[in-house]
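J.: Structure below; questions to follow.
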Amino acid sequence: MSRSVLVTGGNRGLGLAMARALAGAGDKVAITYRSGEPPQELVELGCLPVKCDITEPEQVEQAFKEVEDAHGRVEVLVANAGINRDTLLLRMSEEDFSAVLETNLMGTFRVVKRASKGMLRARTGRIVLISSVVGLAGSAGQANYAASKAALVGFGRSLSRELGSRGITCNVVAPGFIDTDMTRELTDEQRKVIMEKIPAARYGEPEEVAATVRFLASEEAAYITGAVIPVDGGLGMGH
Ligand code: NDP
């Protein structure tokens, strides 16, 4: 069955891999992109790109209207868009902290709230939130980012309690270090230190996160909700 899927931040990195995987499974996929042009590859796959900055409530509303007009109400939401502004606490400005919370937590709240309206009416739906291993384990120099990603766990688990009886699942995926623009910013020294802690002894591929998201979005995953699924090569074991 072809469902209406929305992936935020689907123009690159993990979101692009998720859009590919879900479109490949036969779903009608829409992605949000904030800057630049949407990838031609997705247009060729039949995906619908909608421009949207998730920190702007009017843009979120407009994006949902465009998706609903083209594909019907959103049945699967993947709240993936996120940013980091890494620095040590004493150097971290109010702006560094609030910008990360505003995108990663508030932006996720906005899209989830909007998607849940249609899901509640239909009494079915799939919500997947993209957190991070550092939300559970913490990370020096990432207090803002880790706080925002930890918050998604409490947010998602509350939603699974609130929406579970209506056939809606809400799960959290916690990727480890995946090879995307976000992790390419790390220095060689940082990469070396991180690599030593990963039992799988390698970075993950975006497709490995996408496969987990595709499963959580599937019919087969109907009895999984409120879960936090690590895709981290063992990095976060014990959390
Ligand atoms: P990228 O930096 O490669 O991509 C981030 C995506 O989010 C882009 O599409 C970007 O759009 C979008 N985005 C950022 N801010 C906004 C906004 N205000 N409104 C709309 N879209 C926005 O990151 P990744 O693909 O690596 O990460 C995707 C998600 O996975 C993030 O939530 C990240 O925190 C999480 N994650 C990543 C890990 C990794 O190792 N890569 C590990 C754990 C979690 P634009 O192109 O316009 O900037």
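A Cβ is built for glycine as well, from the same backbone N, Cα and C atoms used for every other residue.
So TrEMBL has the following annotated:
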type     : residues                                                                         : note
ACT_SITE : Tyr145                                                                           : active site, proton acceptor
BINDING  : Gly9, Gly10, Asn11, Arg12, Asn80, Tyr145, Ala146, Ala147, Ser148, Lys149, Ile178 : NADP(+) binding site
DOMAIN   : 3-181                                                                            : domain 'Ketoreductase'
J.: As a check: which entries in Asn80, Tyr145, Ala146, Ser148, Ile178, the recorded positions, place their Cβ less than 6 Å from an atom of ligand 1?
T.: Asn80, Ile178
J.: Do you know offhand how many angstrom separate Gly9 (NADP(+) binding site) and Tyr145 (active site, proton acceptor) by C-alpha?
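T.: Here the two Cα atoms are 17 Å apart.
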J.: Relative to the Cβ position of Asn80 (NADP(+) binding site), how many further Cβ atoms are located within 10 Å?
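T.: If we count other Cβ atoms within 10 Å of Asn80 (NADP(+) binding site), we arrive at 28.
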J.: Among the binding-site residues Asn11, Ser148, which residue has the largest number of other Cβ atoms within 10 Å of its own Cβ?
T.: Ser148
J.: Output, ordered by sequence, the same-chain residues six or more apart from Ala146 (NADP(+) binding site) with a CB under 8 Å from its CB, or 'none'.
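T.: The list for Ala146 (NADP(+) binding site) reads Ser132, Val134, Gly135, Gly138, Ser139, given in order along the sequence.
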J.: If you pair up every Cα among Gly9, Gly10, Asn11, Arg12, Asn80, Tyr145, Ala146, Ala147, Ser148, Lys149, Ile178, the residues annotated as binding NADP(+), what's the maximum separation in angstrom, rounded to an integer?
T.: 25
J.: Across all chains shown, how many C-beta atoms besides its own are within 10 angstroms of the C-beta of Tyr145 (active site, proton acceptor)?
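T.: Total other Cβ atoms inside 10 Å, all chains included: 24.
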J.: Which number gives the other C-beta atoms within 10 angstroms of the C-beta of Ile178 (NADP(+) binding site), all protein chains shown included?
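T.: Around the Cβ of Ile178 (NADP(+) binding site), 21 other Cβ atoms lie within 10 Å.
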J.: Round to the nearest Å and give the CA-to-CA distance linking the residue listed as 'active site, proton acceptor' with Asn80 (NADP(+) binding site).
T.: 14
J.: According to DSSP, folded down to helix, strand and coil, what is Gly9 (NADP(+) binding site)?
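T.: Gly9 (NADP(+) binding site) sits in coil per DSSP, no helix or strand.
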J.: Validating a neighbour-count step here. Other CB atoms within 10 A of the CB of Gly9 (NADP(+) binding site): how many?
T.: 26
J.: Need one number: mean pLDDT over the domain 'Ketoreductase' (3-181).
T.: 97
